[in-house]
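Quick one: this structure, given as structure tokens, is what I'll be asking you about.
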Amino acid sequence: MLMSQITIILPDNSTKVFDHEPTALEVAMSIGPRLAKETLGAKLNGSTEISDLRTVLKDQTKVALVTTKSPESVEVVRHSCAHIMAQAIQDIWPEVKVTIGPVIDNGFYYDFDSPFAFTEEHFEKIEKKMSEIVSKDLPIHREDWPIQKAIETFKGMNERFKVELIEDLAKKGETTVGIYFNGTSWFDLCRGPHIQSTGQIKAFKLLSVAGAYWRGDEKNAQLQRVYATAFNDKKDLETYLHNIEEAKKRDHRKLGKELGMFYFNELAPGSPFFTGKGATVYNSLQTYLRELYFETGYQEVITPQIFDVNLFHTSGHYQNYKENMFFTKVDERDFASKPMNCPSHCLLYNSEKYSYRDLPIKMADFGRLHRYEKSGAMHGLTRVRTFCQDDAHIFCRMDQLQEEIAKFMNLLNRVYDKLGMGNYKIFLSTRPDNRMGSEEYWDMAEGALAEALKSLNLPFELNPGDGAFYGPKLDIMFVDALNRPWQLGTLQVDPNLPQAFDLKYTGEDNKEHRPVMLHRAILGSLERFIGVYLEHTAGHLPPWMMPVQVAILNVTDRVNSFCEELQNSLKGHSVRVEFDRRNEKLNYKIREAQLQKIPYMIIVGDKEAESRTVSLRLRDGSEHKGLTVDQVMNLITTDIKTRSLQSSLAKSATTN
């Protein structure tokens, strides 16, 4: 009996017809051999997930081929490169056992059970063997094995970790597992997708080695994790490796120490200490945000840090978030440090009565928050246990929702523009599996966000399943100078807390109505933002944020009186200025000021003191001589007052 024709639909709605159910690779080959050679995977029926080229397609399947030119194709390359790395290591050291090797951001890793410790000294040997495997252009093919065959095979190879994984799949009802072969002898348990042959790997590099535990549990076997990366061409790899080296120089922990801004102590894990200089940066950000809050109708509130746990039972945090909270018992009552401000703002809202005319109510709060992070997960300022957010909650009517979203996005744009952070993307994160609230509420909340963005002509991407447990959200993903994404701002629609706390307002009809609640932040955690921003700017913060904005450098003690006059005048204009009167050479003082990233250096010698002029040197190395005191004062104070990203002289020099 002949099979009826199978129609495959391409992205432009053209079709390919087959007399059998084709694979995705066959679809690529039907278009052209060159395309087939460059194809690494396929997206089916509008899914964002990449499927293997060996996937057999049903009639009317919509297929979008993923080629080497597609940005996401590198995920398939890295997945296959992880197998090649594991194969190379087992070729060199057969006694090493394999566990798992997933793709991660910017690369991949593989965890190994090894009788000896891997070091970076082993990398050259491993990379050489990987290159041999790539040069052989071994075909990669998939076989689906019955569960029992897979268990027996891996048991015979003494691969106990693979056996455990397969047995877990059997408990979940799986009857077969995918096995991928590199050539004919080496194979691994895997779902895919994978490239067609090892020769499609064009550029890779082993990066580092670290300890790990099987399945992330310290009670399990200790493993060794080898990190690596791969790209579709060598140029992309070289750029990435350059950025890695640059990231080491820009590491905020290194910069924070060099600039004397913050430090950590083991007696307060995950809790940064901000020095006077660091606190200046911190407070500068808060002051700027407070000014914007006043301008845009927010009221800043102060709420307690510790609450009876019943508050978090009401809010749902106890049921959904308690593993990330700190608890204590006082006078036989259970208390918890607040991990978020939203429940306390609901209490504050309920302390008053509102009519429809009073809404929106906008509460901003710089209160300290505490969230538990595992010791191994903490990282400088970007993963801490105590922090402050530029947190605010908006209580509004449903008919005000789109307007409030627009106002928030306008405010966010102003802040990001002021900070030189124009490169960002918006993601709409939808309902997760672990959530509270009815499906009707989720439909309403997700729809409101999407429609508001569309009405503002703001492009966005869907991030399915990544919403908060209480509602969908917009995640603002900032891309820094090294092309790394950071989730900073957020806007979350919450229909659940107003219901949980029975929040009400009196409508125009004199009946009680439920307000809509928006959770919003622009920078997110200030601690985390400062870490990210230090790395983005390489420590060259805008002049208005810098702890020391001006350094006065004397050439000789004879001009000290004039220097002190300048210092006092600048202080009178609220400029943070230091006078370096040390008996050191001028070049040494300049170098010291540059290392501290000080935006303005005023240099005074005999000639300047006599003519009451100065030489102004900027941290970019440019120098402007013969400026009058008034000119320098106006320049510096204007730059700081307007919160300029850099000196106006630096801008004009760049423009010209």
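Using the three backbone atoms N, Cα and C, a Cβ is placed for every residue, glycine included.
Copying in the features that Swiss-Prot gives for the protein in this structure:
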DOMAIN    2-67  domain 'TGS'
REGION    251-542  region 'Catalytic'
BINDING   Cys342, His393, His519  Zn(2+) binding site
Output, ordered by sequence, the same-chain residues six or more apart from His519 (Zn(2+) binding site) with a CB under 8 Å from its CB, or 'none'.
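Correct list: Cys342, Asp391, His393, Ala468, Gly471, Lys473, Thr490, Leu491, Gln492, Asp494.
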Just going by other Cβ atoms within 10 Å, which of the binding-site residues Cys342, His393 has the emptiest spot?
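If we count Cβ atoms within 10 Å for the binding-site residues Cys342, His393, the smallest count is at Cys342.
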Could you give me the DSSP helix, strand and coil counts for the domain 'TGS' (2-67)?
14 helix, 25 strand, 27 coil
Determine, for the Zn(2+) site, the additional residues of the same chain whose CB lies within 8 Å of the mean position of the CB atoms of Cys342, His393, His519; present them in sequence order.
Met340, Asn341, His345, Asp391, Ala392, Gln492, Asp494, Leu497, Met517, Leu518, Arg520
